[in-house]
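Peer 1: Reproduced below are the annotations present in Swiss-Prot:
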REGION    65-224  region 'Spike head'
SITE      101  site 'Binding to sialic acid'
SITE      190  site 'Binding to sialic acid'
DISULFID  203-216  disulfide bond
REGION    248-479  region 'Spike body and stalk (antigen domain)'
DISULFID  318-380  disulfide bond
REGION    389-409  region 'Hydrophobic'
COILED    484-511  coiled coil
REGION    510-776  region 'Spike foot'
C-alpha cells in the first residue's frame, strides 16, 4: 500500500499554493506601507471590547414550557396541553365541537357555601349551583352538556393549591385533571370530531407538548417554576408562535458589529451529530483461552446530511475519558478463561465528540465568544461479543447501556489526514441505563455501564440532534481567512531545533513499548495519517501538508520520480546476461555476496549482487506505482514516526516537515523487495542479497537475473516485510500452508496481526528488527 504522499509525487500532482509563493516572495522583499488599521490592530490578540450580540432563540428543540400567552380563541393542536393560569374566579375556558359536546371549566374561590351563581357560557347567561368547602384550596369544576339546548352537569372537580388547570385534545378525547393536589390525576371526555374543538380561554395560558406530560402534572400538583424573577413577564398574543421572522433562525448568519477590517458574526446552526465507538480487542498468547485487553479507542466518522435544503459534509471524532477497568479470572490453569482488563464507561466517565462541517461557521473559527449548544440525549446500548475458545462452550459478553447528556461545549482541533480543523468539542456526561451487562457462562452478571466489547451493537452510528450558536470575529472581507498566530512564525535556529528533535526522538525509543509500536505498525498507514493523532498543539497544521510536499520536491526520492521509467529500463538493460551469470546454480547460497566468486563478467556491472541492488534501489518507486494491497516498509516507518510525534514535546510546525522528509528517506535502510511469478518468488535487497524459491516447499532455485528484470518491469513489486530467511525459519519450526505463505509474501496486515496476537516469536522478532532500524 503506497503512501499517499508518494502517489501524488508519482503522478506529478504535487502543487504549491499561490499564497505560499506570495509568502516566500514577501519574505525576501520589504516595503513600508501606511494603512488605517482600525481598533483591532493594536495587539496580536483578539479584541476585548466585544459587542452585545444577539441571544438566539429557535424552535429546533421544542421547549418544555412555552408561554405565557394572552387570552384568545383558537383551535389548539392535537397532543398539546393548555396549562391555564387564572388570577380570578369565574369561567376560565370553554370549548365545543358544535355537535355533541359543550364543555366549560369554572374556578371557585375557597370557603364558598352552596349557592347559585350566574355565568356567561358560550354567550348565554346560565344559572349554576356551586360550592367550595375547602378553606385554602381553589376548586375547578367542569360543566358539560351534549346538546345545544340541554342542561349542564358538573364533573371531575379539582381542588388546587397552585391554582392551575390543564386541558388537551388527544386520541378522540378531551383530557383534563381531577382530584386534589398534590395528587391530581388526568381524566377525559369522549367527543366526536375532537380535533375540530375550538377553545376560548379567559386567562393567561402556557403550551406543553404531550411528551412532557409528567412536567405538566408536576406543575399542576406543585406550581410553575420561577421564570426570570428579576424581570416583568408580559404575556404574548398566541399569534406570536407563528411569527418566526421575529426570532433568530435555526440556521442564520447575523452581523453583530463591523469595522473597516473586522466584523463580528453570529452563527446559528442546526446540527446532526453522528458518531460511533471504536475498540481494540487483544488476545493473549498461549492456548487461546486468555484475552489481555478490551479497550475503547478514538473513532472518526465522516457523513453528509441535509440542513435547510443544503447538503452538509461533517466529520466527527468520538473519544472517551474516565474509563473503569474490570477483569475476570476464571482460574490459574492455562485452559481457564481470563480477561486481564476490559474497559467500561459509567456515570463517572465522559464522552467527547469533536464536530466539524464545511459550513461558513467553521471557516474562521479562531476568535470565538458566546459559544452555546443545546443537544438532545441518546442511549447507547451494547451488543454481544463471543470469546471463541478452542474447546467448550464460548462465554460471551452481552448487554450494558449508558445515556449521553450534554455537559458543555468548547473549541478543539481535529487532525485529519490532510489538515487540522478548528472544531467544536461537545462533552457528554453519562448515566447508566438498563439493561445491565454480563459475561454469560461465568459468574459475572448484573453490572452496569457500557463495556468496550461491542459498544455499537451492530449500528453504523449513533445520532444526536441539536443546535449551537457562537459569535466569531472574522475579517470584513469574506474572501480573507482569519490569520493563525503560528502561520507567520520566523524560522530561527532551525538546525538546532532539528538536532534537539532528533535526540528526543531517538531517546523516546527506550520509552515506547515495542508492543505499542507493533500494534500501530501493522495498521495500513498513509504518510499523512501520522497527523491524525498528534497531541501537540500545532495551529499551523493546515500548511504542514504543503510544506512536506515542498520538502519532498527537493528530496532524493522525488528527484528520481521524473526518470523512474528510464531508470528502470536502463537498470534492466544494463544487467549482464552472459552465460556465466545464468549458470550460477542453487549451490550458491542466497546469503553470500557472489561478487567474490564471479570474476569473469566483463560488464561494467561486476556481479549479480550489485546488479540486483541497482534494480532494488528503484523498486521502492516501482512498488508505489503498482499499488500492491499489502503493507510496505513506508507504512511501518510512518507508524513509528507517528508514535514518536505523539509523545514528543518539542514538535513545531517548522521542524515537522523536515522530520517527516528525513524519516521517509532514512527509516528502514535495509529493504528487500520481491516479485511473484506463479509459484516462484524472486527477491532482492538493497544490500545486494538475492534469492529465488518455490512457495509450496521454500526450496531455493537458481536466480534468473533476466527473468527478474523482466518481471520488475511488468509485475507488481511487493515489500518483503517477512523476508525469505524468516519465512523458511517459520516453515521449518511451525509449518505453514500455501495460502498462509502467499498472505505473508503479500504482507497482508491481517495475517501478520494474527501471528503477532498469537505471540509467534519468529514473526514478532522480524517486525521488531524493522522497527529498531527507525532512527533519525
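Backbone N, Cα and C atoms are what each Cβ position is placed from, and that goes for glycine too.
Map the listed features onto the structure and describe their local environment.
Peer 2: In the three-state DSSP scheme, residue 101 (site 'Binding to sialic acid') is classed as coil.
A C-beta separation below 8 Å, combined with a sequence spacing of at least six in one chain, links residue 190 (site 'Binding to sialic acid') to 172, 173.
Around the Cβ of residue 203 (disulfide bond), the same chain contributes 71, 84, 85, 86, 87, 92, 93, each under 8 angstroms and 6 or more positions distant in sequence.
For the region 'Spike body and stalk (antigen domain)' (248-479), the mean pLDDT of the prediction comes to 87.
DSSP classifies residue 318 (disulfide bond) as strand under the three-state reduction.
Secondary structure counts, DSSP: the region 'Hydrophobic' (389-409) has 0 helix, 13 strand, 8 coil.
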Peer 1: Using a Cβ cut-off under 8 Å and a sequence separation of 6 or more, which residues in the same chain sit near residue 380 (disulfide bond)?
Peer 2: 277, 401, 402, 403, 404, 450, 455, 462
Peer 1: Using the alpha carbons only, what distance in Å do you get between residue 216 (disulfide bond) and residue 318 (disulfide bond) once rounded?
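Peer 2: Spelling it out, the Cα of residue 216 (disulfide bond) and the Cα of residue 318 (disulfide bond) are 36 Å apart.
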Peer 1: C-alpha of residue 318 (disulfide bond) to C-alpha of residue 101 (site 'Binding to sialic acid'): distance in Å?
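Peer 2: Between the alpha carbons of residue 318 (disulfide bond) and residue 101 (site 'Binding to sialic acid') there are 55 Å.
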Peer 1: My understanding is the cutoff is Cβ-Cβ under 8 Å with a sequence separation of 6 or more in the same chain; which residues meet that for residue 101 (site 'Binding to sialic acid')?
Peer 2: 144, 146, 174, 189, 191, 192, 197
